[in-house]
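Have a look at the structure below before the remarks.
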Amino acid sequence: MAHPEQQYLDLLAQTLERGDRRVDRTGVGTLSLFGAMLRFDLSGGQVPILTTKRVYWKTAVKEMLWFLTGGTNIRPLLQENVRIWSDWPLAAYRRESGEEISQAAFEQRVLEDEAFAARWGELGPVYGKQWRRWLGPDGHEHDQIAALIETLRTNPSSRRMLFHAWNVAEVGQMALPPCHMVYQYHVTSDGRLNALLYQRSVDLLLGAPFNFVGAAALQLMIAQQAGLVPGDLVWVGGDTHLYLNHLDQAREQTGRAPRDWPRMRLLRRADSIDDYRIEDFAVEGYDPHPAIAAEVAV
């Protein structure tokens, strides 16, 4: 039986071989395929933390926990030593202020100066805002995550168990429109929680590995809150691409053999979806190949 990570490696190889060369928003350029699907079985405790390169899984889980707070400012992320969202506010600050500040100096200023953080660390109404405080036309805020968990508990056969972040009225105010847009859930007759994540845009080398981990961690938390066990995680990509400055790294990764996937488990049952902390997650048996460095396209 093929290693489940081989699906991802095959997608890298297909993109390298058949990807359509395109000029993109960032100016870097991409090789792009449209429409991809991967399926991972989480029922045995294994999770899709790639082994053909080191994935910093704690960073991905911390990001997911930040989404669940409804946060839209990078300061709490920086306080957790998570820097994956700094590029966009940094670019905005440089553009508007004219100051050629380093990323490290910018992040330090965000950490030390609350007023500066409030002005320049803000990302706009990104994921967490839409997940937890979607503003309706009547002024009422909708908590999509709470509604999802309540439906899982009370009507698990529903086909309406999803949440998304593509708020048309607010997309233009976001530092980056949502890439991982829609999360849909499905409960089997024997109590397994399946999840489907749709991404409209996929940075295959850097973004997708983090999205796999975040979605799996979220599935574990939601399953626990609803009294279910994790099942399949289905990942669907729209514009699935490799940036042209990531091609050598992708070739290197496809030449590596996958190792046994690690297991992720929750160390306690949190009182609610809002009460999980990074210390609640344990990953066991993770033995990856070395990390592969690559630049983020902004």
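Positions of Cβ are set from backbone N, Cα and C atoms, glycine also.
For Arg25, Arg159, Arg160, Arg200, Ser201, Val202, Asp203, Asn211, His241, Leu242, Tyr243, the entry in Swiss-Prot reads dUMP binding site, with the evidence type sequence analysis. Secondary structure at Asp203 (dUMP binding site), as computed by DSSP, is strand. Note: Asp203 (dUMP binding site) has non-local neighbours Cys179, His241, Tyr243, Val296, Ala297, i.e. same-chain residues 6+ apart with C-beta under 8 A of its own C-beta.
Per Swiss-Prot, active site, nucleophile is recorded for Cys179, and the stated evidence type is sequence analysis.
Summarising the annotation, Swiss-Prot assigns (6R)-5,10-methylene-5,6,7,8-tetrahydrofolate binding site to Asp203, Ala297. Taken residue by residue with DSSP, Ala297 ((6R)-5,10-methylene-5,6,7,8-tetrahydrofolate binding site) is part of neither helix nor strand, so it is coil.
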Nonlocal neighbours by CB distance (under 8 Å) for Ser201 (dUMP binding site), same chain, sequence gap 6 or more: Cys179, Gly238, Asp239, His241
Close in space, distant in sequence - Arg160 (dUMP binding site), Cβ under 8 Å, 6 or more apart: Thr151
